[in-house]
Amino acid sequence: MSGNTFGALFTVTTFGESHGPAIGCVVDGCPPGMSLTEADIQPFLDKRKPGQSKYTTQRREEDKVQILSGVFDGKTTGAPIALLIQNTDQRSRDYEDIKNLFRPGHADFTYHYKYGHRDYRGGGRSSARETAARVAAGAIARLYLKRYLNLDIIGYLQQMGDLKLQFENENEINKNPFFCPNNKQTQELADYIDRLRRQGDSVGARVKILARGVPTGLGDPVFDKLDATLAYAMMSINAVKGVEIGAGFNAVEQLGSYHRDQMTAKGFLSNHAGGILGGIATGQPIEVSIALKPTSSITTPGQTINTEGEEVTVVTKGRHDPCVGIRAVPIAEAMMALVLMDHYLRHKAQCK
């Protein structure tokens, strides 16, 4: 199975399955000399880990990270950094009933027909459990970008189902279990999740990610555009079905006289481009929005087929998120960091 490595100079290779003994990653290309401990990485994993509130999956994982290599005396050596996260709360028995079935909307069908042999427990390699390794790797990138470039990345829930969230206060984002920038709407979100659980259903979401302090010039033309890499990175996240940069699809209805980001001696007058022109960073905040589908792991019975091609009814058991968009916030932040870190190293290698 290929497709497990991301990046050109700052590369991340993830490994492991949802119900295997552990997941992890190998980060290669991290510059030497950066202070790094497990305690530096852990807060980022704590934002993503399951079982923290009743509004997400009740699978409870500590997600304690171990640094196995690439760090000596508290500093990176330039060697590959291996990170390991133990799986401790698997309940594989929940999946016995569906080991020969294809859950609608999941990768069961495609993995089976591509590889002929799949790990059905919790989705195996296709599970969002894999993203914990991305968050751990992204933490290293974020720490470097913050310390050496003063670059900040922040993500938040922009919409859940038909409930649109008004951006009120950035400081409120990490003070509630929804990564909501408006504390006045958190009760609406809680009620929404409770209603979905009672109905045995799920809903999609929209997440926004901002990067501030991005140096002008990051990115390359044509095929390696910064926005092209960001779209590629975001689309690799489980359940993501759409990506917008800046104004995104709203640009369809905008006039050129409005959409163009006019410039003055003091800077740009708007940021409809989302901080990127010609695939290269303008120095403005980079703005990315992603759309996530509703998970198909629901208790409402549905039609499917089994490995013999016979029509059957399936009910998904196990512990799942009514809205996967909530925990997608730290994952999307991590992917933004990995892209920017990689492009920063590529920029340094080519330009002064």
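In case you wondered, yes, glycine gets a Cβ from its N, Cα and C as well.
Neighbour list (ARG48 (NADP(+) binding site), Cβ cut-off 8 Å, at least 6 residues apart, same chain): ASP63, THR131, ALA132, VAL135, ARG327, PRO330, ILE331. Swiss-Prot lists ARG48 with the feature NADP(+) binding site.
Here Swiss-Prot flags ARG125, SER126, SER127, ASN238, ALA239, GLY278, LYS293, PRO294, THR295, SER296, SER297, ARG319 as FMN binding site, drawing on sequence analysis. All protein chains shown were included, and the count of other CB atoms within 10 Å of the CB of ARG125 (FMN binding site) stands at 21.
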Quiz item: DSSP on ARG125 (FMN binding site), three-state: which is it?
Solution: helix
Quiz prompt | Helix, strand or coil at ARG48 (NADP(+) binding site) [DSSP, three-state] | solution = helix
Quiz item: Which ones in the same chain are close to SER127 (FMN binding site), with CB under 8 Å and 6+ residues apart in sequence?
Solution: GLU17, SER18, ASN238
Quiz prompt | Neighbouring C-beta atoms (10 Å sphere around the C-beta of SER297 (FMN binding site)) | solution = 21
Practice problem: Count the Cβ atoms, other than its own, that fall within 10 Å of the Cβ of THR295 (FMN binding site), considering every protein chain shown. | Solution: 24
Quiz item: In the structure shown, which of the binding-site residues ALA239, LYS293 has the fewest other Cβ atoms within 10 Å?
Solution: LYS293
